[in-house]
Amino acid sequence: MLSARRWFQESFTPTKTRGIMGSPNRRNKLQLCIFGTRDRRLKQEISRLLHRLQPVITPRLPPGEINIIFVSNRKITELNRRFLGRNRPTDVLSFPLTQVRTGPGCGWVVGEIYISREQARLQAKAAGIRLHTELLQLVRHGLLHLAGFSHREMNRLP
C-alpha cells in the first residue's frame, strides 16, 4: 500500500507539522504520529489508548510508527474509492504497510489509519456520545485492524 502513503504526501497538508505520541520504549517499539488535529487532549487520550492496547497488538505488529491521520469526508471518499472501490465516505480506513522508511531521522511506518472527522461527528451525534469517545473508538478499531483482528475478534476483546 505504498501508493496510499504517496497519495497522502501529495495531497494532504496536516494542520500541525507532526504530532508524535507514544514514543517507543524497549518493550513495544510502537510510536504514533498524529496528523490533522491540534487537540492535545485527544492526542493524550490516543496515547493512553495505545498503552492499554499494547499487550494485544504488539505481538502482532513489527516495531515502528503508526500514522493516524484525521481527514475530511472528501479525502476519505477518495481513499475509499481508490483502494476499496467504494465511492462513498466511511469512518475509518486502515492500511498496513510493509515497513516503509519515511525519510532521514524517521522510523519505519508499519501502518496508517485514516479517520473522517465528519463521519465521526455524525456517528457520535447519532449514538449520543462525545466526539472524543467516537474518535477513540475509531482509532481503536483501526489499530486492531492493523494488528490483523477481524470484526468478530474485536467484539470479543475487553
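Placed from the backbone N, Cα and C atoms, the Cβ positions cover glycine too.
Annotated Zn(2+) binding site per TrEMBL: His141, His145, His151, in sequence order. Its own atom aside, the Cβ of His151 (Zn(2+) binding site) has 9 Cβ atoms within 10 angstroms in the protein chains shown.
Each residue in Val92, Ser94, Gly142, Leu144, Phe149, Ser150, Met154 lies on the same chain as His141, His145, His151 and has a C-beta within 8 Å of the C-beta centroid of that Zn(2+) site, without being one of the site residues. Remark: His145 (Zn(2+) binding site) has Ser94 as non-local neighbours, by Cβ distance under 8 Å and separation of at least 6 in sequence.
Counting every protein chain shown, the number of other Cβ atoms lying within 10 Å of the Cβ of His141 (Zn(2+) binding site) is 18.
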